[in-house]
Amino acid sequence: MERELPAAEESASSGWRRPRRRRWEGRTRTVRSNLLPPLGTEDSTIGAPKGERLLMRGCIQHLADNRLKTTKYTLLSFLPKNLFEQFHRLANVYFVFIALLNFVPAVNAFQPGLALAPVLFILAVTAIKDLWEDYSRHRSDHEINHLGCLVFSREEKKYVNRYWKEIRVGDFVRLCCNEIIPADILLLSSSDPDGLCHIETANLDGETNLKRRQVVRGFSELVSEFNPLTFTSVIECEKPNNDLSRFRGYIMHSNGEKAGLHKENLLLRGCTIRNTEAVAGIVIYAGHETKALLNNSGPRYKRSQLERQMNCDVLWCVLLLVCISLFSAVGHGLWVRRYQEKKALFDVPESDGSSLSPATAAVYSFFTMIIVLQVLIPISLYVSIEIVKVCQVYFINQDIELYDEETDSQLQCRALNITEDLGQIKYIFSDKTGTLTENKMVFRRCTVSGIEYSHDANAQRLARYQEADSEEEEVVSKVGTISHRGSTGSHQSIWMTHKTQSIKSHRRTGSRAEAKRASMLSKHTAFSSPMEKDITPDPKLLEKVSECDRFLAIARHQEHPLAHLSPELSDVFDFFIALTICNTVVVTSPDQPRQKVRVRFELKSPVKTIEDFLRRFTPSRLASGCSSIGNLSTSKSSHKSGSAFLPSLSQDSMLLGLEEKLGQTAPSIASNGYASQAGQEESWASECTTDQKCPGEQREQQEGELRYEAESPDEAALVYAARAYNCALVDRLHDQVSVELPHLGRLTFELLHTLGFDSIRKRMSVVIRHPLTDEINVYTKGADSVVMDLLLPCSSDDARGRHQKKIRSKTQNYLNLYAVEGLRTLCIAKRVLSKEEYACWLQSHIEAEASVESREELLFQSAVRLETNLHLLGATGIEDRLQEGVPETIAKLRQAGLQIWVLTGDKQETAINIAYACKLLDHGEEVITLNADSQEACAALLDQCLSYVQSRNPRSTLQNSESNLSVGFSFNPVSTSTDASPSPSLVIDGRSLAYALEKSLEDKFLFLAKQCRSVLCCRSTPLQKSMVVKLVRSKLKAMTLAIGDGANDVSMIQVADVGVGISGQEGMQAVMASDFAVPRFRYLERLLIVHGHWCYSRLANMVLYFFYKNTMFVGLLFWFQFYCGFSASAMIDQWYLIFFNLLFSSLPQLVTGVLDKDVPADMLLREPQLYKSGQNMEEYRPRAFWLNMVDAAFQSLVCFFIPYLAYYDSDVDVFTWGTPVTAIALFTFLLHLGIETKTWTWLNWLACGFSTFLFFSVALIYNTSCATCYPPSNPYWTMQTLLGDPLFYLTCLIAPIAALLPRLFFKALQGSLFPTQLQLGRQLAKKPLNKFSDPKETFAQGQPPGHSETELSERKTMGPFETLPRDCASQASQFTQQLTCSPEASGEPSAVDTNMPLRENTLLEGLGSQASGSSMPRGAISEVCPGDSKRQSTSASQTARLSSLFHLPSFGSLNWISSLSLASGLGSVLQLSGSSLQMDKQDGEFLSNPPQPEQDLHSFQGQVTGYL
């Protein structure tokens, strides 16, 4: 099995300690060969003690070795270290203090040993979990440390096999093809004649494309054959750091020459050697100093908002405990003072015969009460929450709806402690490219020398891809809506659903069969789908390219070949040369297939993510294939018949079997100790020459096509476009690039320098020597916003200058046109350098490369000096298709009350076009565009926009004066009054955003953005993205979520409260930095609206239940103090008191916290506005906490005094009377939990039954066998006696019901008269929808008479009320209207024919504005249902049916409670029948002017009243 490198991400958080480095190591690291004797020693001294490094500082310096150690404990340190870590949690310290306080004789309340049991149990459970995790890490470390590699030995003068853990800095390591790199190694030798090495970094960053690494520049010229014994060079490099994209340093050779070191010279630990027979290098960083392990910091610990609120409530409980204990202490002191003379009759004196003074007795009583009432602080709360969160994550991972079949990936939960935050998100910050779009760049249009080439044929080709997608979805939808008349059973609908999903799955498999088979048999090449590779050239441009080629073929031997071309043709030629060579694309020829064998990935974490934890205990439910993360293909075909599915399945099965055979026969690296020394080198060498070829690769070889592996999809798209015009990139080395042309043949350009792309310059350049002219040319491509500013100034005096201005003006117009069409734009430019200019620039550039400390700054300045006075060649437009389901997902998230901000680096026009396509912007809404050239202009524009917004929404005004804007802003919610206009959207570019994020303007910008419906930030850098998220999070105190797919989104993801990464084509950096990872953007809908809501609701109710339960139990003990002189005595036996919360009542609440579903998933998805309850913290807020505390106090009062009155005149002892009190408390807790439980499963019943059985079983056994264990209690035969007493059963029946009556009454009254959105959703979900026919199925095969296609299309978006039959829908509609319509709006009730069908409306129409101030689009839709005439009824029967709405209220699903709900709702039914039926006068009529979604509900009611 393969193991991923990031599995050791837990290393930093697991407590390992890196070996301490000596402080005098300096600001850089100097490394020399370990084969040389150390300075200051004799030559015979070879090597050094283990763990030591030989450096050029004249002495031995201790550095980290290559041993991987992620464990935290040893056998001796486990117990003290683990306890020390657990005591970092203040709750554990508190309970240990209480347990130790119980050992003081003067204040003890329980037996000391028994009081320690709960806290020891909690500590033991946590310790066992930590021990198991650490042991798993130890086994993983041992396996990795004992992997083998070849290290050069001076004694044997050859490479010998050594363990990874034995590698040291300065050792020479030889690696073969397909071998994992054991440390960070400087590449000194390669079997490739050009000194190249290909590595695969999928284990490190998830990118599947190969990266090129090259031997140190100049080293291969100094030595013809690398020999470690003769290596005397000195390496000076930077100290260890976690920057994967940077390596700075230089190597000084023995002749004094100095060469700069770059990231291209460094082989990183965890990467895999590909397509290279053998390489050798010297170890620079080892062990925990390698960049891979420095980046593996593990999942971040975040504290959820609910947990922060819970900690605050825990402090309130502590304060309440102190107050109760203080009250009891004062009471006991007063009691002792009053009965001082009579105390000797019933109190035990001290050892000297004296009695305690009232003050001393009060102090003792205070501490004793702290011990007795310690259960007020829930000891098991934190452990229970951790258990519930782990189980919640398990069920989220098991959700098949979050599995993406196309990419064979599913949701990953990387943070286990913030699942409830998913249900409280208010702001979503999203990247565009790769997040909202497919990140499949397709060359669409271009302009060269001011002439535009539309590529109409290419547009038609892309249209065929889209048609294929739509045809597939249409066929699937038709198959899914076939109506089977006469099948009314539920099993039939389930069978049809399963069949529909199967057909859809088969269709996907069949339409992508070719791409998937290629992916299964060979490693997937990123950005190389047929849609991306197959470019249809424009005929006019192709003719010009051919003309250039023919002219140059004739004039190539002349002195200036390019001079024979016209300026237009010269630009065309340079344009495609720039597209071909101005990149970092790696070319893989067909005769050089990517070799790959099954090897073990380097690192394995015991619990890297929850998926690893789950795979250890449960088999995977999801079908797993051999497709990579980047295996995305949009090529779809439509099968004409179902029989076409069978061959696809059989072929896939055959290929899967073939792959398994290949995997079994492929060689792998030995990982279990030493292999035999005999023939060891031969086995490594044979492995290096392994050439495994699969049918897919053979097919590619036969086709003779080159494989391009690019770091970005834009580069791949441009290279494929150039190849379509017969300008093919055929080879790339570190110092040359070869291009194939039809008539010219192969042209080899000397590659002098490559200035890579960065987010600040927003461009990249290459410096080459032209083979035809021997000139030094600079080709630059980048964003039009920067390249246009770098062009050579044109003079209007000469004709050439005017012509260039005209070309630039046309090009800019075409760029704007491309952006409006949603295309990504790039400008291509060129500069010719003279030899003097190049020599001057080269000198400064070499100095910048040799710098170690400030290399980035110097290289940036060097690139800026070079990329000036450019000549514009043309521009390109690249299309990036929108992901499937993005518009629908954005619409649902908006209905859920989420505000979506898109932060993209694209051009403003492009971003706006994509925003319209994904429905982020609507064509009918106003868009505020904020573009400023200076900070003063930005401030003025912000003031103007704020004035405009305030004039549109008068209620949304600034409460602070202008002078207070720099200090702070008063953020008021957007007004939702009837006179308020729809909120506009805001678009801002990167330059203006930089000004708006200044301290003086950030409050204005944030206030303006808060008033807008959507925000679109264009040309934003990664730093700006993180600053925007941080600003919203800190200023608005709102829950934020950031989602992205690339490395430029990492900072934004890490700053947000919840970070979501998309496993796209640009690697796994975003996923590795995220809390959750999803395959596609559309899965965010279900993750937030369904699982986020469930997780928040479950944990909120569970935490409240914990506080209620403990407070109620403490209340029983508190009321008893009034009858025992506040002496801190307890009527409940010690065993029950200590283990009640830990054993008897813990399981049911855990089951409810894991499995409860307050609203079904389909209802949450149909009505996303239900999500707002979590945003507003409706289920867990301070008000709910204190109401639960008051309810707990009342229940404890009832549960105490009912058995007290029942046994008032009896002669039972205090512990016999306390046992019924304990049983009553248990029954009350379980019934209370039953009321709060919305979804009952057999596990809920089992948990409640088990708790009851466990309590009575323990009581019976304890009362029989341990009667005198803990004096002074004597519980002998107590429970047996009570079980034979009818009074015991009567009190256990009456007390819980009496205690819960106020809660039952309140919930029934509130659920009937003032229901919340969630309660209405639950009521509607209980309606038996399956017995009525679905209109979509009824009319699937034909259009009903009298209905247009528009009406049928509207039915697809109808709410759940509209899918109900008329009688049920009208009842729910009346119920909603009655709760929201005021007497003024309704007017006088009019006589209504109750046989007239009622008008239908969407769910929660009346209450949609309560939580968020907005409502869904409303409209009355006429619906025809079979059998309507039979279901029309009289007024009496109509009222009777309306009463069924109150038959099962929202507080639970127990049938025996329904009578209370029915009784409380009868009064509302009478009012309902008179006020809500007035709206129905005619059947099938529509409102003339349906209200807009932004309008308030009362405006809609006013229109209805006016219409009636």
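Glycine is no exception: its Cβ is also placed from the backbone N, Cα and C atoms.
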- request: Determine which of LYS389, LYS540, LYS781, LYS1109 appears in Swiss-Prot for the same ATP site as ASP431, LYS432, THR433, GLU715, PHE757, ARG824, THR904, GLY905, ASP906, ARG1019, LYS1025, ASN1048, ASP1049.
  value: LYS781
Query: Under Swiss-Prot's topological domain names, is PHE78 on the same membrane side as SER1127?
result: no
- line: Annotated as phosphoserine in Swiss-Prot, from the list SER470, SER951, SER1386, is SER470
Query: Any idea what DSSP makes of ASP431 (active site, 4-aspartylphosphate intermediate), helix, strand or coil?
result: coil
Statement: If one takes Cβ-Cβ under 8 Å and requires six or more residues beyond its ends, the residues near the transmembrane segment (1243-1263) are 1135-1136, 1139, 1143-1145, 1147-1148, 1150-1152, 1155, 1219, 1222-1223, 1226-1227, 1230, 1233-1234, 1237, 1275-1280
DSSP-assigned states of the topological domain 'Exoplasmic loop' (102-107) in counts, ordered helix, strand, coil: 0 helix, 0 strand, 6 coil
Field: For the transmembrane segment (108-129), sequence-distant contacts whose Cβ falls under 8 Å of one of its Cβ atoms, 6 or more beyond its ends
entry: 79, 82-83, 86, 92, 95-96, 98-99, 101-102, 368, 371-372, 379-380, 383, 1128, 1130, 1134-1135, 1137-1139, 1142, 1270
- prompt: Other than its own, how many Cβ atoms are within 10 Å of the Cβ belonging to PHE757 (ATP binding site)?
  reply: 18
Query: Where DSSP helix means H, G or I and strand means E or B, what are the helix, strand and coil counts for the topological domain 'Exoplasmic loop' (1123-1134)?
result: 2 helix, 0 strand, 10 coil
Task: Measuring CA to CA, name the entry from the recorded positions ASP431, PHE757, GLY905, ARG1019 that ends up nearest ASP1049 (Mg(2+) binding site).
output: ASP431
- prompt: Of PHE757, ARG824, GLY905, ARG1019, which binding-site residues are close to ASP431 (active site, 4-aspartylphosphate intermediate), meaning a Cα within 10 Å of its Cα?
  reply: GLY905
- request: Would you confirm whether the transmembrane segment (1185-1206) and the transmembrane segment (1102-1122) meet the contact rule of 3 or more C-beta pairs below 8 angstroms, pairs 6 or more apart in sequence?
  value: yes
- line: Nearest by Cα to ASP1045 (Mg(2+) binding site), of the binding-site residues PHE757, ARG824, GLY905, ARG1019, is GLY905
- prompt: Distance between GLY905 (ATP binding site) and THR433 (Mg(2+) binding site) at the Cα atoms, whole Å?
  reply: 9
Statement: The recorded stretch from 80-101, 314-335, 367-388, 1102-1122 sharing the largest number of CB pairs under 8 A with the transmembrane segment (1135-1154) is 367-388
